[in-house]
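The feature domain 'G-protein coupled receptors family 1 profile' is assigned by TrEMBL to 38-284. According to TrEMBL, the transmembrane segment annotation covers 20-44, 56-75, 95-117, 137-159, 201-222, 234-255, 267-286.
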């Protein structure tokens with residue numbers, strides 16, 4: 001029998017029940033809009049406000065941009081699919097989704113590492129902070145984060161593109177990811193799976209080790225600070241640590257254990273593709289008086305201009 005090259009894939013989605021899917025649509029559409037608006041508001045506020053020009057805000061605006069793009073690679077298609085009877089994506093579209101999902105996911109991980117390094121220098125070497133974290137260095141670190149994500153994603157896609165897809169074309173997920181796609185290949189993908197997991201796993205484990213080490217050193221060094229300095233530093237670090245836990249917790253749950261039921265995996269994936277990008281701007285702005293004040297000034301000016 002001649003093999004047929006698959007050009008279209010069917011996505012099973014999150015749930016099969018149409019009623020549940022409609023409820024999910026009503027829940028997740030406002031979450032996605034809040035993600036874009038919340039992160040967009042941070043981007044605009046930081047770029048317009050003269051008071052928010054320290055390195056921390058350069059990184060925070062980059063993180064907000066990554067969050068908008070990262071969420072937009074998966075969520076709009078996922079939301080529209082909730083109202084579709086048959087959820088279809090082309091193989092090329094599937095590969096594009098995988099590419100951007102991994103590119104932006106790793107860029108975010110590297111940005112979180114850069115932000116931890118920034119806090120480490122600010123708290124542990126305050127006298128040398130402006131020399132070490134010059135604007136040029138900040139822009140290079142941001143560019144390096146994006147470049148790291150790009151290289152990681154190119155490797156993942158180079159491994160995936162040559163695989164033959166000739167048989168089943170149903171992906172048991174609500175978006176395209178490497179492991180569900182590998183299950184559809186008409187060849188043994190054990191080695192490809194190992195390389196892909198090593199590529200993702202190494203970046204995650206090394207980054208997590210750096211993050212944990214940085215915040216441990218910061219917390220130890222805070223013992224030598226004044227009560228006011230300690231409170232301010234802890235408030236900033238608490239936001240960073242919360243975001244790190246929200247991002248890495250689900251990822252570790254998914255990737256550092258044997259594959260179990262895909263329903264469980266899908267629900268965990270919803271957390272870091274849909275929920276976490278919305279929570280990040282809330283976490284950073286609620287705990288940051290400077291950002292809140294800048295937003296009040298910015299929108300106060302706007303209201304005065306429109307009156």
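In case you wondered, yes, glycine gets a Cβ from its N, Cα and C as well.
Please treat TrEMBL annotations as automatic predictions, because they have not gone through curation.
These numbers come from a predicted model, not from an experiment.
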Range from 56-75, 137-159, 201-222, 234-255, 267-286 with the greatest count of C-beta pairs under 8 A to the transmembrane segment (95-117): 137-159
Segment-level pLDDT (mean, integer) for the domain 'G-protein coupled receptors family 1 profile' (38-284): 89
